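Annotated features in TrEMBL:
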SIGNAL    1-23  signal peptide
REPEAT    165-199  repeat 'PPR'
REPEAT    268-302  repeat 'PPR'
REPEAT    303-337  repeat 'PPR'
REPEAT    338-372  repeat 'PPR'
REPEAT    373-407  repeat 'PPR'
REPEAT    408-442  repeat 'PPR'
REPEAT    443-477  repeat 'PPR'
REPEAT    478-512  repeat 'PPR'
(Lines of atoms letter the chains of each structure in order from A and count residues from 1; the text may use other names and numbers.)
(Lines give C-alpha, C1' and ligand atoms only; values in the text may rest on other atoms or scores of the structure.)
Protein backbone atom coordinates (compact mmCIF):
# COMPACT_ATOMS: atom_id res chain seq x y z
CA UNK A 1 0.00 0.00 0.00
CA UNK A 2 1.38 3.42 -0.91
CA UNK A 3 1.92 5.82 1.94
CA UNK A 4 1.34 9.50 1.18
CA UNK A 5 3.88 12.19 2.08
CA UNK A 6 1.30 13.70 4.43
CA UNK A 7 1.02 10.44 6.37
CA UNK A 8 4.79 10.08 6.49
CA UNK A 9 5.03 13.54 8.02
CA UNK A 10 2.31 12.66 10.50
CA UNK A 11 4.01 9.48 11.63
CA UNK A 12 7.43 11.11 11.87
CA UNK A 13 6.47 14.14 13.89
CA UNK A 14 4.22 12.26 16.28
CA UNK A 15 6.69 9.43 16.92
CA UNK A 16 9.50 11.85 17.59
CA UNK A 17 7.47 13.92 20.00
CA UNK A 18 6.01 10.88 21.73
CA UNK A 19 9.51 9.75 22.69
CA UNK A 20 10.91 13.21 23.34
CA UNK A 21 9.76 13.37 26.95
CA UNK A 22 10.20 9.77 28.04
CA UNK A 23 13.38 8.25 29.43
CA UNK A 24 15.65 10.60 27.53
CA UNK A 25 19.37 10.23 28.04
CA UNK A 26 21.80 13.03 27.37
CA UNK A 27 23.63 12.65 24.12
CA UNK A 28 27.04 11.11 24.62
CA UNK A 29 28.31 12.54 21.38
CA UNK A 30 30.49 15.56 21.94
CA UNK A 31 29.92 18.53 19.63
CA UNK A 32 32.52 19.12 16.95
CA UNK A 33 35.47 21.23 18.04
CA UNK A 34 34.83 23.92 15.45
CA UNK A 35 31.85 25.32 13.58
CA UNK A 36 31.55 27.67 10.60
CA UNK A 37 31.21 31.31 11.53
CA UNK A 38 27.68 32.59 11.13
CA UNK A 39 28.37 36.31 11.43
CA UNK A 40 29.13 37.86 8.06
CA UNK A 41 31.40 40.82 7.42
CA UNK A 42 33.06 40.84 10.83
CA UNK A 43 35.40 43.84 11.32
CA UNK A 44 39.08 42.95 11.51
CA UNK A 45 39.47 44.60 14.87
CA UNK A 46 37.42 46.10 17.64
CA UNK A 47 38.69 49.59 16.71
CA UNK A 48 37.52 49.10 13.12
CA UNK A 49 34.17 47.98 14.50
CA UNK A 50 33.78 51.23 16.41
CA UNK A 51 34.77 53.26 13.35
CA UNK A 52 32.08 51.57 11.26
CA UNK A 53 29.27 52.16 13.75
CA UNK A 54 26.12 53.93 12.67
CA UNK A 55 24.64 56.86 14.68
CA UNK A 56 22.05 54.68 16.43
CA UNK A 57 24.86 52.67 18.00
CA UNK A 58 27.04 55.60 19.02
CA UNK A 59 25.01 56.52 22.07
CA UNK A 60 26.14 53.49 24.01
CA UNK A 61 29.62 53.13 22.57
CA UNK A 62 31.09 54.39 25.83
CA UNK A 63 30.72 50.81 27.05
CA UNK A 64 33.85 49.95 25.04
CA UNK A 65 36.17 51.83 27.37
CA UNK A 66 34.20 51.48 30.62
CA UNK A 67 34.62 47.72 30.93
CA UNK A 68 32.00 45.08 31.64
CA UNK A 69 30.83 42.90 34.46
CA UNK A 70 32.73 39.65 34.14
CA UNK A 71 30.89 37.83 36.91
CA UNK A 72 27.39 37.51 35.58
CA UNK A 73 24.52 36.08 37.56
CA UNK A 74 22.12 34.58 35.08
CA UNK A 75 19.57 33.62 37.69
CA UNK A 76 17.96 37.01 37.68
CA UNK A 77 17.59 37.27 33.95
CA UNK A 78 14.38 38.88 32.79
CA UNK A 79 12.44 37.30 29.98
CA UNK A 80 11.66 40.35 27.90
CA UNK A 81 10.11 38.16 25.26
CA UNK A 82 7.19 37.42 27.50
CA UNK A 83 4.74 40.29 27.71
CA UNK A 84 2.48 38.48 30.10
CA UNK A 85 3.01 39.45 33.68
CA UNK A 86 4.28 36.68 35.85
CA UNK A 87 1.95 35.23 38.40
CA UNK A 88 2.41 36.13 42.03
CA UNK A 89 4.53 33.95 44.24
CA UNK A 90 1.45 32.98 46.18
CA UNK A 91 -0.23 31.60 43.06
CA UNK A 92 2.42 28.93 42.66
CA UNK A 93 1.78 27.52 46.14
CA UNK A 94 0.43 24.03 45.78
CA UNK A 95 -3.27 23.98 46.53
CA UNK A 96 -4.67 21.60 49.14
CA UNK A 97 -8.24 22.02 47.92
CA UNK A 98 -10.08 18.96 46.63
CA UNK A 99 -10.27 19.34 42.79
CA UNK A 100 -13.67 17.62 42.75
CA UNK A 101 -15.01 20.13 45.26
CA UNK A 102 -13.63 22.99 43.17
CA UNK A 103 -15.33 21.49 40.10
CA UNK A 104 -18.62 21.21 41.99
CA UNK A 105 -18.56 24.85 43.09
CA UNK A 106 -17.58 26.07 39.63
CA UNK A 107 -20.39 24.07 38.04
CA UNK A 108 -22.96 25.74 40.31
CA UNK A 109 -21.59 29.18 39.46
CA UNK A 110 -21.49 28.42 35.72
CA UNK A 111 -25.03 27.05 35.58
CA UNK A 112 -26.76 29.59 37.81
CA UNK A 113 -24.95 32.88 37.38
CA UNK A 114 -26.40 33.87 34.01
CA UNK A 115 -29.92 32.52 34.70
CA UNK A 116 -30.87 35.26 37.18
CA UNK A 117 -31.41 32.60 39.82
CA UNK A 118 -30.17 32.87 43.36
CA UNK A 119 -26.71 31.45 42.93
CA UNK A 120 -25.82 32.32 46.50
CA UNK A 121 -28.80 30.43 47.93
CA UNK A 122 -27.85 27.27 46.02
CA UNK A 123 -24.26 27.59 47.19
CA UNK A 124 -25.56 27.89 50.75
CA UNK A 125 -27.32 24.55 50.37
CA UNK A 126 -24.33 22.73 48.86
CA UNK A 127 -22.57 22.16 52.17
CA UNK A 128 -19.28 23.56 50.91
CA UNK A 129 -16.36 23.35 53.31
CA UNK A 130 -14.76 26.69 52.49
CA UNK A 131 -11.00 27.08 52.68
CA UNK A 132 -8.63 29.71 51.39
CA UNK A 133 -7.19 27.23 48.89
CA UNK A 134 -10.65 26.42 47.53
CA UNK A 135 -11.55 30.11 47.15
CA UNK A 136 -8.29 30.87 45.34
CA UNK A 137 -8.79 27.89 43.01
CA UNK A 138 -12.36 28.93 42.17
CA UNK A 139 -11.27 32.51 41.52
CA UNK A 140 -8.54 31.18 39.24
CA UNK A 141 -11.20 29.34 37.22
CA UNK A 142 -13.09 32.63 36.75
CA UNK A 143 -10.11 34.94 36.38
CA UNK A 144 -11.45 36.35 33.09
CA UNK A 145 -15.06 36.56 34.33
CA UNK A 146 -15.08 39.24 36.99
CA UNK A 147 -18.82 39.34 37.74
CA UNK A 148 -19.30 35.70 38.79
CA UNK A 149 -15.88 35.78 40.47
CA UNK A 150 -16.82 38.82 42.55
CA UNK A 151 -20.24 37.44 43.49
CA UNK A 152 -18.63 34.21 44.69
CA UNK A 153 -15.98 36.21 46.55
CA UNK A 154 -18.65 38.30 48.33
CA UNK A 155 -20.73 35.20 49.10
CA UNK A 156 -17.74 33.47 50.68
CA UNK A 157 -17.06 36.51 52.86
CA UNK A 158 -20.52 36.16 54.44
CA UNK A 159 -20.21 32.48 55.28
CA UNK A 160 -20.07 31.68 59.02
CA UNK A 161 -16.69 30.49 60.19
CA UNK A 162 -14.83 31.75 57.14
CA UNK A 163 -12.89 34.98 56.58
CA UNK A 164 -10.82 36.02 53.59
CA UNK A 165 -7.07 36.29 54.09
CA UNK A 166 -4.48 38.31 52.16
CA UNK A 167 -4.11 35.58 49.54
CA UNK A 168 -7.80 35.41 48.61
CA UNK A 169 -8.07 39.21 48.59
CA UNK A 170 -5.06 39.47 46.29
CA UNK A 171 -6.51 36.82 43.97
CA UNK A 172 -9.64 38.93 43.65
CA UNK A 173 -7.52 42.05 43.16
CA UNK A 174 -5.80 40.36 40.20
CA UNK A 175 -9.19 39.77 38.55
CA UNK A 176 -10.42 43.30 39.19
CA UNK A 177 -7.17 44.76 37.91
CA UNK A 178 -7.30 42.68 34.74
CA UNK A 179 -10.87 43.92 34.14
CA UNK A 180 -9.86 47.52 35.04
CA UNK A 181 -12.48 47.80 37.76
CA UNK A 182 -10.47 50.44 39.54
CA UNK A 183 -13.15 51.83 41.88
CA UNK A 184 -13.86 48.35 43.20
CA UNK A 185 -10.12 47.74 43.53
CA UNK A 186 -9.69 50.81 45.73
CA UNK A 187 -12.66 49.73 47.86
CA UNK A 188 -11.11 46.29 48.34
CA UNK A 189 -7.78 47.89 49.31
CA UNK A 190 -9.53 50.03 51.93
CA UNK A 191 -11.35 46.97 53.28
CA UNK A 192 -8.06 45.08 53.48
CA UNK A 193 -6.48 48.04 55.25
CA UNK A 194 -9.22 48.09 57.87
CA UNK A 195 -8.65 44.38 58.52
CA UNK A 196 -4.86 44.65 58.53
CA UNK A 197 -4.53 42.31 55.55
CA UNK A 198 -2.65 44.54 53.12
CA UNK A 199 0.60 43.14 51.74
CA UNK A 200 3.22 44.48 49.37
CA UNK A 201 1.74 42.17 46.75
CA UNK A 202 -1.56 44.07 46.99
CA UNK A 203 0.08 47.34 46.05
CA UNK A 204 2.15 45.76 43.29
CA UNK A 205 -1.00 44.24 41.74
CA UNK A 206 -2.64 47.67 41.81
CA UNK A 207 0.38 49.43 40.32
CA UNK A 208 0.65 46.92 37.49
CA UNK A 209 -3.08 47.19 36.74
CA UNK A 210 -3.00 51.00 36.60
CA UNK A 211 0.17 50.95 34.52
CA UNK A 212 -1.28 48.44 32.05
CA UNK A 213 -4.30 50.75 31.63
CA UNK A 214 -1.93 53.70 31.07
CA UNK A 215 -3.20 55.33 34.28
CA UNK A 216 0.18 56.71 35.38
CA UNK A 217 -1.15 59.13 37.99
CA UNK A 218 -3.21 56.44 39.69
CA UNK A 219 -0.23 54.09 39.68
CA UNK A 220 1.91 56.74 41.35
CA UNK A 221 -0.93 57.41 43.78
CA UNK A 222 -0.37 53.93 45.20
CA UNK A 223 2.83 55.26 46.80
CA UNK A 224 0.80 57.69 48.90
CA UNK A 225 -1.59 54.92 49.87
CA UNK A 226 1.39 52.80 50.94
CA UNK A 227 2.55 55.62 53.20
CA UNK A 228 -0.92 55.85 54.71
CA UNK A 229 -0.72 52.20 55.72
CA UNK A 230 2.89 52.48 56.94
CA UNK A 231 4.48 50.54 54.09
CA UNK A 232 8.03 51.47 53.15
CA UNK A 233 8.51 52.75 49.62
CA UNK A 234 11.91 51.37 48.62
CA UNK A 235 13.87 50.81 45.47
CA UNK A 236 12.29 47.37 44.89
CA UNK A 237 8.78 48.85 44.89
CA UNK A 238 9.73 51.69 42.57
CA UNK A 239 11.51 49.27 40.25
CA UNK A 240 8.34 47.19 40.09
CA UNK A 241 6.28 50.20 39.05
CA UNK A 242 8.86 51.28 36.48
CA UNK A 243 8.86 47.74 35.09
CA UNK A 244 5.05 47.68 34.95
CA UNK A 245 5.03 50.98 33.05
CA UNK A 246 7.67 49.68 30.66
CA UNK A 247 5.76 46.44 30.01
CA UNK A 248 2.69 48.57 29.25
CA UNK A 249 4.82 50.34 26.61
CA UNK A 250 4.92 53.53 28.65
CA UNK A 251 8.67 54.05 28.48
CA UNK A 252 8.33 57.84 28.51
CA UNK A 253 6.09 57.78 31.57
CA UNK A 254 8.50 55.42 33.35
CA UNK A 255 11.39 57.80 32.61
CA UNK A 256 9.43 60.81 33.86
CA UNK A 257 8.49 58.97 37.04
CA UNK A 258 12.11 57.96 37.58
CA UNK A 259 13.27 61.56 37.22
CA UNK A 260 10.55 62.71 39.61
CA UNK A 261 11.41 60.17 42.29
CA UNK A 262 15.18 59.98 41.77
CA UNK A 263 15.94 62.15 44.80
CA UNK A 264 13.80 59.93 47.06
CA UNK A 265 15.60 56.62 46.52
CA UNK A 266 18.93 55.21 45.41
CA UNK A 267 18.65 53.58 41.96
CA UNK A 268 20.34 50.22 41.45
CA UNK A 269 21.29 48.20 38.39
CA UNK A 270 17.78 46.79 38.07
CA UNK A 271 16.35 50.33 38.00
CA UNK A 272 18.31 51.20 34.89
CA UNK A 273 17.65 47.78 33.38
CA UNK A 274 13.86 48.18 33.56
CA UNK A 275 14.12 51.71 32.14
CA UNK A 276 16.20 50.32 29.29
CA UNK A 277 13.60 47.63 28.69
CA UNK A 278 10.83 50.23 28.62
CA UNK A 279 12.52 52.26 25.89
CA UNK A 280 13.42 49.17 23.86
CA UNK A 281 9.82 47.98 23.94
CA UNK A 282 8.66 51.21 22.28
CA UNK A 283 11.59 51.04 19.83
CA UNK A 284 13.19 54.24 21.06
CA UNK A 285 16.90 53.52 20.71
CA UNK A 286 17.92 57.11 21.29
CA UNK A 287 16.59 57.21 24.84
CA UNK A 288 17.63 53.59 25.44
CA UNK A 289 21.18 54.65 24.62
CA UNK A 290 20.94 57.57 27.05
CA UNK A 291 19.85 55.22 29.83
CA UNK A 292 22.74 52.90 28.95
CA UNK A 293 25.24 55.74 29.19
CA UNK A 294 23.75 57.06 32.44
CA UNK A 295 23.91 53.58 33.92
CA UNK A 296 27.64 53.47 33.18
CA UNK A 297 28.19 57.05 34.41
CA UNK A 298 26.63 56.07 37.73
CA UNK A 299 29.19 53.29 38.12
CA UNK A 300 27.01 50.33 37.16
CA UNK A 301 28.33 47.67 34.80
CA UNK A 302 25.68 46.47 32.33
CA UNK A 303 25.18 42.75 32.88
CA UNK A 304 24.01 40.04 30.52
CA UNK A 305 20.37 41.02 31.11
CA UNK A 306 20.96 44.61 29.99
CA UNK A 307 22.98 43.47 26.99
CA UNK A 308 20.26 41.06 25.91
CA UNK A 309 17.64 43.78 26.21
CA UNK A 310 19.66 46.13 24.03
CA UNK A 311 20.32 43.33 21.58
CA UNK A 312 16.61 42.61 21.32
CA UNK A 313 15.79 46.32 21.07
CA UNK A 314 18.16 46.77 18.12
CA UNK A 315 16.59 43.84 16.30
CA UNK A 316 13.06 45.11 16.95
CA UNK A 317 14.13 48.37 15.29
CA UNK A 318 15.60 46.47 12.32
CA UNK A 319 19.13 47.62 13.25
CA UNK A 320 20.54 44.19 12.52
CA UNK A 321 24.08 45.27 11.67
CA UNK A 322 24.26 47.15 14.98
CA UNK A 323 22.92 44.10 16.81
CA UNK A 324 25.68 41.98 15.30
CA UNK A 325 28.27 44.56 16.34
CA UNK A 326 26.96 44.56 19.91
CA UNK A 327 27.03 40.77 19.89
CA UNK A 328 30.66 40.83 18.77
CA UNK A 329 31.45 43.33 21.55
CA UNK A 330 29.96 40.88 24.03
CA UNK A 331 32.12 38.05 22.69
CA UNK A 332 35.27 40.20 22.70
CA UNK A 333 34.86 42.15 25.94
CA UNK A 334 32.14 40.38 27.90
CA UNK A 335 29.73 39.54 29.33
CA UNK A 336 29.86 36.46 27.15
CA UNK A 337 26.64 35.74 25.23
CA UNK A 338 24.42 33.18 26.92
CA UNK A 339 21.71 30.93 25.53
CA UNK A 340 19.20 33.75 25.51
CA UNK A 341 21.60 36.03 23.60
CA UNK A 342 21.98 33.46 20.85
CA UNK A 343 18.25 32.69 20.86
CA UNK A 344 17.41 36.38 20.32
CA UNK A 345 19.56 36.45 17.18
CA UNK A 346 18.42 33.02 15.98
CA UNK A 347 14.77 34.03 16.36
CA UNK A 348 15.33 37.13 14.23
CA UNK A 349 17.10 35.12 11.52
CA UNK A 350 14.24 32.60 11.51
CA UNK A 351 11.72 35.42 11.09
CA UNK A 352 13.70 36.62 8.07
CA UNK A 353 13.75 33.09 6.67
CA UNK A 354 17.56 32.93 6.83
CA UNK A 355 17.61 29.40 8.13
CA UNK A 356 21.16 28.57 7.05
CA UNK A 357 22.47 31.43 9.18
CA UNK A 358 20.12 30.50 12.03
CA UNK A 359 21.47 26.93 12.05
CA UNK A 360 25.06 28.21 11.92
CA UNK A 361 24.27 30.41 14.89
CA UNK A 362 22.81 27.45 16.73
CA UNK A 363 25.98 25.47 16.08
CA UNK A 364 28.17 28.32 17.26
CA UNK A 365 26.07 28.55 20.41
CA UNK A 366 26.73 24.90 21.18
CA UNK A 367 30.44 25.20 20.45
CA UNK A 368 30.68 28.16 22.83
CA UNK A 369 29.41 25.99 25.70
CA UNK A 370 25.84 27.31 25.83
CA UNK A 371 23.16 24.63 26.06
CA UNK A 372 20.15 24.87 23.79
CA UNK A 373 16.79 25.13 25.54
CA UNK A 374 13.21 24.64 24.39
CA UNK A 375 12.95 28.31 23.35
CA UNK A 376 15.88 27.94 20.95
CA UNK A 377 14.46 24.78 19.40
CA UNK A 378 11.03 26.43 19.10
CA UNK A 379 12.51 29.25 17.00
CA UNK A 380 14.16 26.81 14.62
CA UNK A 381 11.15 24.49 14.43
CA UNK A 382 8.90 27.45 13.60
CA UNK A 383 11.35 28.79 11.02
CA UNK A 384 11.69 25.50 9.16
CA UNK A 385 8.00 24.75 9.56
CA UNK A 386 7.05 28.05 7.92
CA UNK A 387 9.24 27.03 4.96
CA UNK A 388 7.52 23.61 4.90
CA UNK A 389 10.84 21.87 5.46
CA UNK A 390 9.38 19.21 7.68
CA UNK A 391 12.44 16.98 7.40
CA UNK A 392 14.35 19.71 9.24
CA UNK A 393 11.62 19.89 11.88
CA UNK A 394 11.87 16.14 12.48
CA UNK A 395 15.66 16.40 12.71
CA UNK A 396 15.38 19.14 15.36
CA UNK A 397 12.91 17.12 17.42
CA UNK A 398 15.26 14.15 17.20
CA UNK A 399 18.14 16.36 18.40
CA UNK A 400 16.03 17.59 21.31
CA UNK A 401 15.49 14.00 22.34
CA UNK A 402 19.20 13.21 22.11
CA UNK A 403 20.13 16.24 24.18
CA UNK A 404 17.52 15.50 26.84
CA UNK A 405 15.77 18.82 26.22
CA UNK A 406 12.12 18.55 27.23
CA UNK A 407 9.51 20.25 25.02
CA UNK A 408 7.47 22.98 26.73
CA UNK A 409 4.05 24.54 26.07
CA UNK A 410 5.44 26.98 23.50
CA UNK A 411 7.03 24.22 21.46
CA UNK A 412 3.84 22.17 21.54
CA UNK A 413 1.86 25.24 20.48
CA UNK A 414 4.27 25.85 17.60
CA UNK A 415 3.97 22.23 16.44
CA UNK A 416 0.18 22.26 16.76
CA UNK A 417 0.05 25.43 14.67
CA UNK A 418 2.27 23.89 11.98
CA UNK A 419 0.11 20.78 11.79
CA UNK A 420 -3.16 22.70 11.73
CA UNK A 421 -1.84 24.97 8.97
CA UNK A 422 -1.13 21.83 6.94
CA UNK A 423 -4.80 20.84 7.31
CA UNK A 424 -4.11 17.93 9.66
CA UNK A 425 -6.60 18.65 12.48
CA UNK A 426 -6.79 15.06 13.71
CA UNK A 427 -3.05 15.06 14.29
CA UNK A 428 -3.27 18.39 16.09
CA UNK A 429 -5.63 16.72 18.54
CA UNK A 430 -3.18 13.83 19.00
CA UNK A 431 -0.42 16.33 19.77
CA UNK A 432 -2.70 18.10 22.23
CA UNK A 433 -3.38 14.81 24.02
CA UNK A 434 0.34 14.06 24.13
CA UNK A 435 0.85 17.51 25.63
CA UNK A 436 -1.56 16.60 28.42
CA UNK A 437 0.05 13.20 29.03
CA UNK A 438 3.46 14.85 29.27
CA UNK A 439 2.21 16.91 32.20
CA UNK A 440 2.28 20.21 30.29
CA UNK A 441 -0.70 22.43 30.93
CA UNK A 442 -2.20 23.82 27.71
CA UNK A 443 -2.43 27.58 27.64
CA UNK A 444 -5.33 29.74 26.54
CA UNK A 445 -3.36 30.27 23.35
CA UNK A 446 -3.45 26.51 22.74
CA UNK A 447 -7.23 26.36 22.92
CA UNK A 448 -7.89 29.64 21.08
CA UNK A 449 -5.54 28.61 18.27
CA UNK A 450 -7.14 25.18 17.93
CA UNK A 451 -10.67 26.58 17.94
CA UNK A 452 -9.91 29.29 15.41
CA UNK A 453 -8.20 26.85 13.07
CA UNK A 454 -10.99 24.28 13.30
CA UNK A 455 -13.72 26.83 12.61
CA UNK A 456 -11.79 28.41 9.73
CA UNK A 457 -11.35 25.00 8.10
CA UNK A 458 -14.99 24.11 8.83
CA UNK A 459 -14.17 21.36 11.31
CA UNK A 460 -17.06 22.62 13.42
CA UNK A 461 -17.40 19.55 15.64
CA UNK A 462 -13.76 19.81 16.67
CA UNK A 463 -14.19 23.52 17.36
CA UNK A 464 -17.07 22.74 19.72
CA UNK A 465 -15.11 19.90 21.32
CA UNK A 466 -12.22 22.29 22.01
CA UNK A 467 -14.56 24.71 23.78
CA UNK A 468 -15.93 21.91 25.94
CA UNK A 469 -12.42 20.64 26.66
CA UNK A 470 -11.48 24.08 28.00
CA UNK A 471 -14.26 23.83 30.52
CA UNK A 472 -13.39 20.26 31.50
CA UNK A 473 -9.76 21.28 32.05
CA UNK A 474 -10.78 24.21 34.24
CA UNK A 475 -9.38 26.77 31.78
CA UNK A 476 -11.27 30.06 31.98
CA UNK A 477 -12.10 31.39 28.48
CA UNK A 478 -11.12 35.00 27.90
CA UNK A 479 -12.60 37.59 25.54
CA UNK A 480 -10.62 36.20 22.63
CA UNK A 481 -11.92 32.68 23.33
CA UNK A 482 -15.53 33.87 23.24
CA UNK A 483 -14.88 35.93 20.11
CA UNK A 484 -13.46 32.90 18.28
CA UNK A 485 -16.24 30.58 19.46
CA UNK A 486 -19.11 32.99 18.77
CA UNK A 487 -17.65 33.80 15.34
CA UNK A 488 -17.44 30.07 14.59
CA UNK A 489 -21.08 29.58 15.56
CA UNK A 490 -22.16 32.44 13.30
CA UNK A 491 -20.21 31.02 10.33
CA UNK A 492 -21.89 27.69 11.03
CA UNK A 493 -25.31 29.36 10.85
CA UNK A 494 -26.02 28.84 14.55
CA UNK A 495 -26.77 32.46 15.39
CA UNK A 496 -29.30 31.59 18.09
CA UNK A 497 -26.65 29.64 19.98
CA UNK A 498 -24.11 32.39 19.31
CA UNK A 499 -26.52 34.86 20.88
CA UNK A 500 -26.58 32.77 24.06
CA UNK A 501 -22.79 32.90 24.38
CA UNK A 502 -22.70 36.59 23.48
CA UNK A 503 -25.10 37.32 26.32
CA UNK A 504 -23.12 35.05 28.64
CA UNK A 505 -19.96 36.91 27.76
CA UNK A 506 -21.48 40.29 28.55
CA UNK A 507 -23.10 38.95 31.73
CA UNK A 508 -19.68 37.88 32.98
CA UNK A 509 -18.41 41.44 32.64
CA UNK A 510 -16.46 41.03 29.41
CA UNK A 511 -16.50 43.49 26.54
CA UNK A 512 -18.63 42.71 23.52
CA UNK A 513 -16.49 41.16 20.78
CA UNK A 514 -15.78 42.41 17.28
CA UNK A 515 -17.87 40.27 14.97
CA UNK A 516 -19.80 40.41 11.70
CA UNK A 517 -22.87 41.85 13.40
CA UNK A 518 -24.63 42.55 10.09
CA UNK A 519 -24.72 38.80 9.37
CA UNK A 520 -25.71 38.18 12.98
CA UNK A 521 -28.64 40.59 12.74
CA UNK A 522 -29.66 39.32 9.30
CA UNK A 523 -29.91 35.76 10.63
CA UNK A 524 -32.32 36.83 13.38
CA UNK A 525 -34.24 38.95 10.92
CA UNK A 526 -34.79 35.93 8.69
CA UNK A 527 -35.85 33.96 11.76
CA UNK A 528 -38.45 36.62 12.58
CA UNK A 529 -37.11 37.37 16.08
CA UNK A 530 -37.12 41.17 16.63
CA UNK A 531 -37.35 40.53 20.37
CA UNK A 532 -33.84 39.05 20.38
CA UNK A 533 -32.48 42.00 18.41
CA UNK A 534 -34.11 44.44 20.84
CA UNK A 535 -32.54 42.65 23.79
CA UNK A 536 -29.14 42.58 22.10
CA UNK A 537 -29.43 46.29 21.31
CA UNK A 538 -29.96 47.03 25.01
CA UNK A 539 -27.08 44.80 26.08
CA UNK A 540 -24.71 46.27 23.52
CA UNK A 541 -25.63 49.78 24.59
CA UNK A 542 -25.01 48.86 28.22
CA UNK A 543 -21.59 47.42 27.34
CA UNK A 544 -20.58 50.55 25.42
CA UNK A 545 -21.00 49.18 21.87
CA UNK A 546 -23.27 52.04 20.76
CA UNK A 547 -22.75 51.56 17.02
CA UNK A 548 -23.59 47.86 17.24
CA UNK A 549 -26.53 48.67 19.51
CA UNK A 550 -27.91 51.05 16.85
CA UNK A 551 -27.42 48.38 14.18
CA UNK A 552 -29.45 45.82 16.13
CA UNK A 553 -32.11 48.42 16.91
CA UNK A 554 -32.44 49.32 13.20
CA UNK A 555 -32.77 45.66 12.19
CA UNK A 556 -35.42 45.15 14.88
CA UNK A 557 -37.43 48.16 13.64
CA UNK A 558 -37.16 46.93 10.05
CA UNK A 559 -38.51 43.55 11.10
CA UNK A 560 -41.41 45.11 13.00
CA UNK A 561 -42.25 47.31 10.01
CA UNK A 562 -42.36 44.30 7.70
CA UNK A 563 -44.69 42.50 10.10
CA UNK A 564 -47.04 45.51 10.19
CA UNK A 565 -47.08 45.73 6.38
CA UNK A 566 -48.04 42.06 6.13
CA UNK A 567 -50.77 42.36 8.80
CA UNK A 568 -54.09 42.84 6.94
CA UNK A 569 -55.68 44.49 9.99
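Each residue's number is its place along the chain shown, starting with 1.
Note: Cβ is positioned from N, Cα and C throughout, glycine not excepted.
Where the annotation comes from TrEMBL, it is an automatic prediction and has not been curated.
As the structure is a computational prediction, the values presented were derived from the model and not from experiment.
Counting only same-chain residues 6+ beyond the ends of the repeat 'PPR' (165-199), those with a CB under 8 A from a CB of the stretch are 88, 90-91, 132, 135-136, 139-140, 142-144, 146, 149-150, 153, 156, 205-206, 208-210, 212-213, 215, 218, 225, 228-229, 231, 509. The residues of the repeat 'PPR' (268-302), classed with DSSP into helix (H, G, I), strand (E, B) and coil, number 26 helix, 0 strand, 9 coil. Note: the repeat 'PPR' (443-477) comprises 26 helix, 0 strand, 9 coil (DSSP; helix = H, G, I, strand = E, B). Computed over the repeat 'PPR' (165-199), the whole-number mean pLDDT of the model equals 95.
Counted with DSSP, the repeat 'PPR' (303-337) comes out as 27 helix, 0 strand, 8 coil.
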